[in-house]
Amino acid sequence: MLIIELLKALFLGVVEGVTEWLPVSSTGHLILVQEFMKLNQSKSFVEMFNIVIQLGAIMAVIVIYFKRLNPFQPGKSAREIRLTWQLWLKVVIACIPSILIALPFDNWFEAHFNFMIPIAIALIFYGFVFIWVEKRNAHLKPQVTELASMSYKTAFLIGCFQVLSIVPGTSRSGATILGAIIIGTSRSVAADFTFFLAIPTMFGYSGLKAVKYFLDGNVLSLDQSLILLVASLIAFVVSLYVIRFLTDYVKRHDFTIFGKYRIVLGSLLILYWLVVHLF
């Protein structure tokens, strides 16, 4: 029934909105949730759905940071306009590694790692990395405390870390936040740049997935359009709150709790897989 599918879409939209911005892997969570609560749709639609609903989450970034990201915003000084254009150039530079490396190999990684055990291993591994990085940085002073002082080289290196998220379960936001902190930015700068970098990255990735879906001869039924719309709208609304929460959270806390969460979740998934396949 359509109402059941829409309720599933609503819940998946909540999952996307929460996990897209927290460093815990949104795609991994969507895949895992659908292990227990599957959409009654074709495999090709579900694969496209898991990526395209990220557009709802991205719109939240644009709404929240529109004035900051808009170089044509009335009232901006010449210096502010210049800094805005420089920020966009840094974002574009950070996208280059994904275009050159992640994009050509995306289908291969999706075919070989888009399963529960690889996702669980990625969750656990980067959970330990988060904890290690936070312990290492506990008494270190960040070298970059404002986006305006971030160099183009630093932006490029953060983009290189983003490539790691090609492996399901890694987390795009997690990879870029980790990379930024390791390189020497503050947590606030790492979070903000992660939000901004997501705009072209996820618009491009979602757009490519949608185009591929239609080029393969698929069409969207009215029911599927409603499912996609509901999930995207919910992801947008939830993201508005989660982004504000995270920007406030990183001012007073580190990311250790997310590392611990990843380790616990990954361990439970491995245990679940063993129970299902061995007993």
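Using the three backbone atoms N, Cα and C, a Cβ is placed for every residue, glycine included.
Sequence-remote contacts of a segment are chain residues at least 6 beyond its ends whose Cβ falls under 8 Å from one of its Cβ atoms, and for the transmembrane segment (45-65) they are 12-13, 16-17, 20-21, 26-27, 30-31, 34, 38-39, 195-196, 198-199, 202-203, 205-206, 209-210, 212-213, 218, 220, 224, 227-228, 231-237, 239-240, 243-244. Marked as transmembrane segment by Swiss-Prot: 45-65 (among others).
Per Swiss-Prot, the feature transmembrane segment maps to 85-105 (among others).
With a threshold of 8 Å between CB atoms, the same-chain residues lying at least 6 positions outside the transmembrane segment (113-133) that come near it are 23-25, 28, 31-32, 35, 167-171, 174-175, 178, 181-182, 255-256, 258-263, 265-267, 269-270, 272-273. Here Swiss-Prot flags 113-133 (among others) as transmembrane segment, drawing on sequence analysis.
Taken from Swiss-Prot, the feature transmembrane segment applies to 188-208 (among others).
Positions annotated as transmembrane segment by Swiss-Prot: 226-246 (among others).
Under the heading transmembrane segment, Swiss-Prot lists 255-275 (among others), citing sequence analysis as support. Same-chain residues lying 6+ beyond the ends of the transmembrane segment (255-275) with a Cβ under 8 Å from its Cβ atoms: 22-25, 32, 116-117, 119-124, 126-131, 133-134, 169, 174, 177, 181, 187.
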